[in-house]
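What follows is a short report on a single structure.
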Amino acid sequence: MFKNVFGSGFLVRTAHVILTWVITLILFLHDTQLRKQEETGQLVQPVLFVLLVLVSVLLYFAVSLMDPGFILSEDSDLQQPMRSKHCQTCQHCVRRYDHHCPWIENCVGERNHRWFVLYLAIQLLVLLWGLHIAWTGFNYAPTWQLWLRTNGMLLAVAVLVALLSLVVLLLLGSHLYLVSLNTTTWEFMSRHRISYLKHCGADENPFDRGTFHNLWGFFCVWGTVVWEQVYFREGSDQV
């Protein structure tokens, strides 16, 4: 029990939450737009920003603790569903396996992939808003040395937030691109090693049903898809 509670996942999640709220606190403590509005009683933007940060943290916990689509039976005589994969880190097989994310210390699969993408979108919005807020807090100084002493902490936060924004933007863009093609990160990166794909052409994807249907199926259709039916073009009914 304690191994699961205080394992690497606990440490990663704790570090993520602490960093999030430390950055938020720094943005409020410096002479930023948030602090100015708070001091003048204009609380709409500060409250909205804190609520958005809270939503991003809750989504982070939800995705990191959510069952990604574990296949409970590990019986070697039982054939794995198509598009599933055994994760060496989690030591479980995952339906529609995408990747194991060290950021959330969990697999991204059939049941939490759309929530992972939503989390990335909310997180990007928070980071870009935080970067804008940090920019409004820089104060003028006659020399670079004095400017760095005055704005050093805020500058460090702005650089960190900018780097995180770039990472999240690239992650979100890549996932939306792959989702639009109805493929996964694992299938995209390891196509040549996957039995049901290595015989297909370089530009052939047996699961692609068109961009609109791919996006609609990913974000709006709930349930387990029988990918064998889609693969062999016998229908795509869900069970």
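Each residue, glycine too, has its Cβ placed from N, Cα and C.
A TrEMBL annotation is a machine prediction, not a hand-curated record.
Sequence annotations record features per position, and here TrEMBL assigns domain 'Palmitoyltransferase DHHC' to 78-190. Residues annotated as transmembrane segment in TrEMBL: 6-29, 41-63, 116-141, 153-178.
Cβ atoms under 8 Å from those of the transmembrane segment (153-178) belong to residues 23, 26-27, 30, 32, 116-117, 120-121, 123-124, 127-128, 130-131, 134-135, 137-138, 184-185, 188 of the same chain, restricted to positions at least 6 beyond its ends.
Here the domain 'Palmitoyltransferase DHHC' (78-190) is broken down by DSSP into helix, strand and coil counts: 65 helix, 12 strand, 36 coil.
Panel annotation: around the transmembrane segment (6-29), residues 35, 38, 46, 49-50, 53, 56-57, 60-61, 64, 102-106, 130, 133-134, 137, 153-154, 157, 160-161 of the same chain, lying at least six beyond its termini, place a Cβ under 8 Å from a Cβ of the stretch.
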